[in-house]
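Q: Residues or ranges marked as active site, proton acceptor in TrEMBL: B:213. Residues or ranges marked as diphosphate binding site in TrEMBL: B:89. What TrEMBL records for B:183 is Mg(2+) binding site. The substrate binding site feature in TrEMBL is assigned to B:211, B:212, B:213, B:250, B:251, B:258, B:259, B:260, B:319, B:424, B:425, B:426, B:427. Sequence annotations record features per position, and here TrEMBL assigns domain 'Phosphofructokinase' to B:81-446. Taken from TrEMBL, the feature site 'Important for catalytic activity and substrate specificity' covers B:184. Annotation source TrEMBL lists site 'Important for catalytic activity' at B:210.
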């Protein structure tokens, strides 16, 4: 047990923009500015298999959603002890969630104490924390990153780990805990809520939706924070690359974007910038496309563009593309099997152990990728799929296909591929106005939910297409987001990742425009749009379209 | 000969930021807002070997610098026919140079005609152009890229090519030509000026200093345009990566930045963001460092940081690093020789043909780089140095060295490298306020120089630390920037690239701070600073320090 300040920003020199953002004021939804009551809705169910979820969460299953409404009476302050933890990868706005909780406690639960657990869930288990004060928090307001208390990827899973969490909650006499994280972390938050309640502990647990990937959302939680900022930053860079492509007239830029499980980032960036080609993983999976299909799709457009003298273009690819292609998954599974037991002989006899379809796919892959598959393994001896640079692989496969077509006389252009990966530079940007405001409201709401004794809910802020003042505020039962998966013969609760819906408004808009974008150059260069300029307060296309705006 | 509009932006959809930038007003230096006279200074010489330069440029050598001063009299308009060409790689602001020339002609030489040559110098030789109108130019004001008339890398070198340029100048009855380019293109501009004058043609030639690399500058031309914007964009991304590094606490980010010949971009980005380690090519060359020295320098700092529990950091590397290391150049020369004549046997007997120092260096290189050196060749069969991803190579070499030290017991940390290359996304950004204003002034000045009959000068705008109104304006003899190089037994004129001066103020400031930055984390996250926020009108550190500010 320790309590020392995290040295993160202490040695920092703030840029003028960082300083100006520090003092950027954060508006609150109107309902949070007056006294408010918490009104419960009808009981909730689950996203799937409610009976199993009910069994897994006997204490918290079925809780109603909570909605905040203005009230007349001023409540007497009661002081609380609240902990907060950041879990998983960074997303712009995390610091504002913490600021929101803190400010709620300062304003509505005077005399409260707030603890930040260091380094993610491990900080809870090891009881490593820092007591948060306004002096400590202030330098992080509206700033990117998670370095105020840092994050981690540990999980509270085993009975021993739950025991450790209990001990920490008791030691610190915690009234509540806010878990800021993605789908896994919010599932974990609900398990903690269940566990604490089952032991009659007073500690309540509230989740907050975080992930730049945008794949944690539902009707009542319209978006996860960080997605807006990350997409705006990536779109700015893509817009610049488009200008470059059009000016030079000789490069195809293959841009890989973050998003391993879902392709929301790629779709949003496409809607913002209008690239010539965009691959959406969910569509590839739905249409059961092979790697050859994807290659041909790209190559066909390149050939058509070449006929109208455009030997350049911009192509967006989601990081997780090959995870969406079943044949690749099969090949990798077979390779793992073979590599574990057999010798890879130079003559290639080992290849005969592959099914013929996998053998064909293997031969279709560029040599560098073949070597990568055979040589680079993780500590368990498995092929490292995550290390494959999909954009480079596609460049090589397209190149090979174009060479073939050139020989056949069906293509006569020049092709030069340039690869890009936009990742780290986006997930730690200074939060956009939207993410700054959204996170502050999420945090403030989480504080209020804890103060009204709620547990096992996720902080929910809605009506996001309207001005901040009109946003709705409440909490949604985490169990209502859940389904079960069978693992090792047991049911495990999971919050299903929200994938790109092929029938959803964002994809449909994209699908209705992509043919036009493919041959005409409808490039848009958004410019720096996080919090300056005429669109400083716009929300992203995905959210806007999903809200029906 | 053709005259059709370039379809570049016609199909574009403008973002709100692009639209708002269109209407961003461009202030002019005071002297350009009133009637002005051109006053000549004393005769000029050359940067080196003035006698040889004088021989190479008998008509234009020794010309005085021209300085614009306010005048009383209003001059009678005379109409001109002026051509403009963009040469070489893109740099933010090029479109504003063209706008500046055009507006000058509209305002001070009414009835003039302006032609934009398409696709760089090839457009001059092939007489491919577009007549520029205010409707045509307007959509490109303050916009990034070079796509208004596009650029190219062809050179006007042979007698036949000079002949073609002459024919175009005569066909279009050109009074003047503005060449917007880097050191090579401005040398070429001066050769054209010399050639036209030697033939008593009326066509005058004026250059404009363009390159994001920042290596075309001298006392009278304090900076090249594009450098300011590119560095601001890269610095924003680096700042984000720094936040990521500090939040995650487990990655060393190796960031390669554009700048093959000089390391100005890397130095400027270091001054803006304070990375833990920065490699400046010019210092590596001056100290005659080997690749092992550079690796050890990085590794030593990583070890020291590990002792204070920092197993993360940010490292900036100039794209051209290995060009600064003589032993690498020697190895590559030897490899080219061997690969041209011998078989590379698997047992490695071919290696014995390397000098022992080169053999040692080859063995020191990571396997992937060895393979790249042996396998990837350009069409002439030469090793492709440009394709080596220096940042990945350094990660591997540092990893190997750290493993060694771990075994020796002198290092006990964890090391994970992440590589980045920031290039294309910066050179086509929307121009910063500085570049927008600077370019507009450069173009306006170029028009005025042509109108006063000047040739063989480079447009020079000075006093850049002061508000735009106080900027000084004039032209500098291109021959005064030149020296000669001996190539194929002949003297060739060259404008020497301005390298990072180890005795210059920017490097000295960096050198005085880097030890502090290496162990303490003085990270600065500049944020989006091209043209919004509190520093929207700041100039870059390099320029400010060189101006003595």
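Quick reminder: no glycine exception, Cβ is built from N, Cα and C everywhere.
TrEMBL entries are annotated by machine, without manual review.
Bear in mind that the values here come from a model prediction, so they are computed numbers and not experimental data.
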Q: Would you report the average pLDDT that the model assigns to the domain 'Phosphofructokinase' (B:81-446)?
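A: Result for the domain 'Phosphofructokinase' (B:81-446): average pLDDT 94.
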Q: Please compare the recorded positions B:183, B:184, B:213, B:319, B:425 by how many other CB atoms fall within 10 Å of each one's CB, and tell me which has the fewest.
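A: Among the recorded positions B:183, B:184, B:213, B:319, B:425, the sparsest Cβ neighbourhood within 10 Å belongs to B:184.
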Q: Across all chains shown, how many C-beta atoms besides its own are within 10 angstroms of the C-beta of residue B:251 (substrate binding site)?
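A: Taking every protein chain into account, the count is 18.
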Q: Quick one: of B:183, B:259, B:425, B:427, which binding-site residues have a CB closer than 8 A to some CB in chain A?
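A: From B:183, B:259, B:425, B:427, flagged as close to A: B:425, B:427.
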Q: List nothing but the one residue from B:89, B:259 whose Cβ has the fewest other Cβ atoms within 10 Å; the candidates are the binding-site residues.
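A: With the binding-site residues B:89, B:259, fewest surrounding Cβ atoms within 10 Å: B:89.
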Q: Could you find out if DSSP has residue B:427 (substrate binding site) as helix, strand or coil?
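A: Reduced to three states, the DSSP call for residue B:427 (substrate binding site) is helix.
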Q: Measure from the Cβ of residue B:210 (site 'Important for catalytic activity') and count the other Cβ atoms within 10 Å, all protein chains considered.
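A: For residue B:210 (site 'Important for catalytic activity'), the 10 Å Cβ neighbour count is 32.
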Q: Measuring CA to CA, name the entry from the recorded positions B:89, B:183, B:184, B:210, B:213 that ends up nearest residue B:251 (substrate binding site).
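A: In terms of Cα distance, residue B:251 (substrate binding site) lies closest to B:213.
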Q: Going by DSSP, is residue B:259 (substrate binding site) part of a helix, a strand, or coil?
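A: For residue B:259 (substrate binding site) - judged by DSSP and reduced to three states - the answer is coil.
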Q: Give me the largest Cα to Cα distance among B:211, B:212, B:213, B:250, B:251, B:258, B:259, B:260, B:319, B:424, B:425, B:426, B:427, the residues the record lists as binding substrate, in Å as a whole number.
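A: Largest Cα to Cα distance for the substrate-binding set is 36 Å.
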Q: For residue B:211 (substrate binding site), just count the other CB atoms lying within 10 A of its CB, please.
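A: Within a 10 Å radius of the Cβ of residue B:211 (substrate binding site) lie 31 other Cβ atoms.
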Q: Could you round the CA separation between residue B:210 (site 'Important for catalytic activity') and residue B:89 (diphosphate binding site) to a whole angstrom and send it over?
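A: Spelling it out, the Cα of residue B:210 (site 'Important for catalytic activity') and the Cα of residue B:89 (diphosphate binding site) are 9 Å apart.
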Q: How long is the line from the C-alpha of residue B:319 (substrate binding site) to the C-alpha of residue B:213 (active site, proton acceptor), rounded to the nearest angstrom?
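A: Cα-Cα, rounded: 11 Å.
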Q: Going by Cα-Cα distance, pick out whichever of the recorded positions B:89, B:183, B:184 is nearest to residue B:427 (substrate binding site).
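A: Result for residue B:427 (substrate binding site): the nearest of the recorded positions is B:89.
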Q: Can you tell me the three-state DSSP label for residue B:211 (substrate binding site)?
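A: The three-state answer is coil.
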Q: Count the Cβ atoms, other than its own, that fall within 10 Å of the Cβ of residue B:427 (substrate binding site), considering every protein chain shown.
A: 29
